[in-house]
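The structure appears below as structure tokens.
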Amino acid sequence: MSWYRAASVGRRLVASGRILAGRRGAAGAAGSGMGNSTSSFWGKSATTPVNQIQETISNNCVVIFSKSSCSYCSMAKKIFHDMNVNYKVVELDMVEYGSQFQEALYKMTGERTVPRIFVNGIFIGGAADTHRLHKEGKLLPLVHQCYLNKSKRKDVE
């Protein structure tokens, strides 16, 4: 299965520090160039699972490692969707070497469960942690900081 079919890819647009437009599943970055690759590198032997995970995390402000039938994963995705925040989803049960990626995530985060959620390159936890950060008003500022950082890096280039 291709990366595009296995993951939802969203657009990222930034204007005055506010995230605009785009919905989960929409392809392309509308010229923003902010890590919306639809290339199929998942499972290629030349790159280790950890390297592939790290590349995905560094190229996207929000990454959710999920399983398609997981209710906690759905809850986490809904939080970002309801905040109109775009995110990349990697459905581990739909990629060829999903169990190897889940093992790599375990080594990186200390947990085998899904979802495993990264914001601004930082592991923030699972669904309960994401819900708590959202209720405390801390989740959206983390996302905004990522978009600001990416915008600054793009200006420097």
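Heads up, the Cβ atoms here are built off N, Cα and C, so glycines get one too.
Annotated glutathione binding in Swiss-Prot involves LYS67, GLN102 plus, out of the candidates VAL90, VAL114, the residue VAL114. A gap of 20 Å separates the Cα atoms of GLN102 (glutathione binding site) and CYS61 ([2Fe-2S] cluster binding site). Cα distances from VAL114 (glutathione binding site) to the recorded positions CYS61, CYS70, CYS146 are smallest for CYS70. By the criterion of other Cβ atoms within 10 Å of the residue's own Cβ, the least surrounded of the recorded positions CYS61, CYS70, CYS73, VAL114, CYS146 is CYS70. Measuring Cα to Cα from LYS67 (glutathione binding site), the recorded positions that fall within 10 Å are CYS73, out of CYS61, CYS73, CYS146.
Compute the center of the Cβ atoms of LYS67, GLN102, VAL114, which mark the site for glutathione; besides them, the chain residues with Cβ within 8 Å of that center are PHE65, SER66, CYS70, CYS73, LEU92, ASP93, GLY98, LEU105, THR113, PRO115, ARG116. In the three-state DSSP reading, CYS73 (disulfide bond) counts as helix.
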